[in-house]
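The GTP binding site annotation in Swiss-Prot covers 167-174, 192-196, 213-216, 280-283, 309-311 and rests on sequence analysis. According to Swiss-Prot, the feature Mg(2+) binding site maps to SER174, THR194, an assignment based on sequence analysis. Feature annotation from Swiss-Prot assigns domain 'Obg' to 1-160. Taken from Swiss-Prot, the feature domain 'OBG-type G' covers 161-328, and the record attributes it to sequence analysis. Residues annotated as domain 'OCT' in Swiss-Prot: 349-424.
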Amino acid sequence: MFDRVEINIKAGDGGSGKVSFRREKFVPYGGPDGGDGGDGGNVYLEADSGLYSLLNFKHKRVHKASNGEGGMGSRCTGHNGADLVIKVPVGTVATILEENGQKRVLADLAADGDRTLVAHGGQGGLGNTHFVSSTNQAPMLAQKGQPGGEYDLILELKLIADVAIIGYPNVGKSSLLSLLTAAKPKVANYPFTTLSPVMGVIERPEGVFVMAEVPGLIENAHLGKGLGHDFLRHISRTRMVIHLLDGTSENPIDDMIKVNSELYLYDASLSERPQVVAINKIDDELVQLRREELKETFKEAGLEVFFISALTGEGVDVLLAKVAEKLDILKAADISETAPDHEVKIFRPAPKGKMGFRITRLEDGWQVEAPEIERIIEHSDIEDPEVRRQVMVLLKHRSVQQSLIKSGAVIGQKIITGRMEWYL
């Protein structure tokens, strides 16, 4: 199963505003009529029950929404970019990789139709109609569209099943699953026969439930040994666990303790999953001889144990009856929870500070970071004296010059704003 992938998502950039003038007698330049740019498309993740793995992402890492169109004359706004909906299997967890290297879960798509907005499209830039003032009746300024959000995501598929069969490698998990369901896991007499989770459906008079075999766990699985990380995360989405032990093992209860320790060390909540303990290979003569001894040992530990044979089916019905009983209790508790309403969840990036401008001292002058004005500079011909004059008026209007002087700048010093150099 292809169940973990890193992808890059990019929302659409906003379209740039338009500098244009209508033809009208006695109005300078015919009067401004530049339209705004369209907004860039958003990126969504949506759970789809028709998908079963993340294989679609193996050869396509970058996913982009459409950009917004630029503004047009006659005050016409550009078309918004088309949204991008990325379909993922139910049970997918999306984690964002922050710039500081930290990881943050932003979406857990646990039900069919769950949708999360993970990247906002950039806002369209303003056309020159927005820059009209009493002193500037013919603005030659327009704004570049904002860039869309761009993030690196980790998508992890955690299987969703009612029951997980766990245990050491080669204890008979695959044999038990194939006996109970139509699933056909690989069965052989060597460790790690199963390298990915296998699910099957069990139909009983008490009801239908889904059972999954989680590949064998070994010591230090919580550190990733033996593909431990890949296996352990699947247990977190199951209601309960069948802990299968090998009756021919020298110390089955010690095996159980070691596996449970790995669950706890990986995620303490996993060790709290309800468990039914089953000892396999009761068809083996040695296990039959040890049966009462093993039963007493587990009883002293406060555990009820079921003896089964995944080969002959002995004891399996009794085990399943107990599992079904526990599941009924767990499912009844779930009924009180609110059903998913498929409301679109929205991921909002952490704010990067207040809008406005920031002044920084440089070796040979000063830098003014003003995102809104920089977008105008980026989209304007600053070599044109009239355009440059209008930008300077904006800088003055936003109190940038006064703030520079208060910060220690003196007349004649070089100032950098975006790609424009100017002097105080």
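Glycine residues also receive a Cβ, built from the backbone N, Cα and C atoms like all the rest.
Confidence over the domain 'OBG-type G' (161-328), given as mean pLDDT on the 0 to 100 scale, stands at 80. Looking at GLY167 (GTP binding site) and SER174 (Mg(2+) binding site), their Cα atoms lie 11 Å from each other. Residue counts of the domain 'OCT' (349-424) by helix, strand and coil are 29 helix, 18 strand, 29 coil (DSSP-based).
SER309 (GTP binding site) and SER174 (Mg(2+) binding site) have their C-alpha atoms 12 Å apart, to the nearest angstrom.
For LYS173 (GTP binding site), the Cβ neighbour count at a 10 Å cut-off comes to 28, with all displayed protein chains included.
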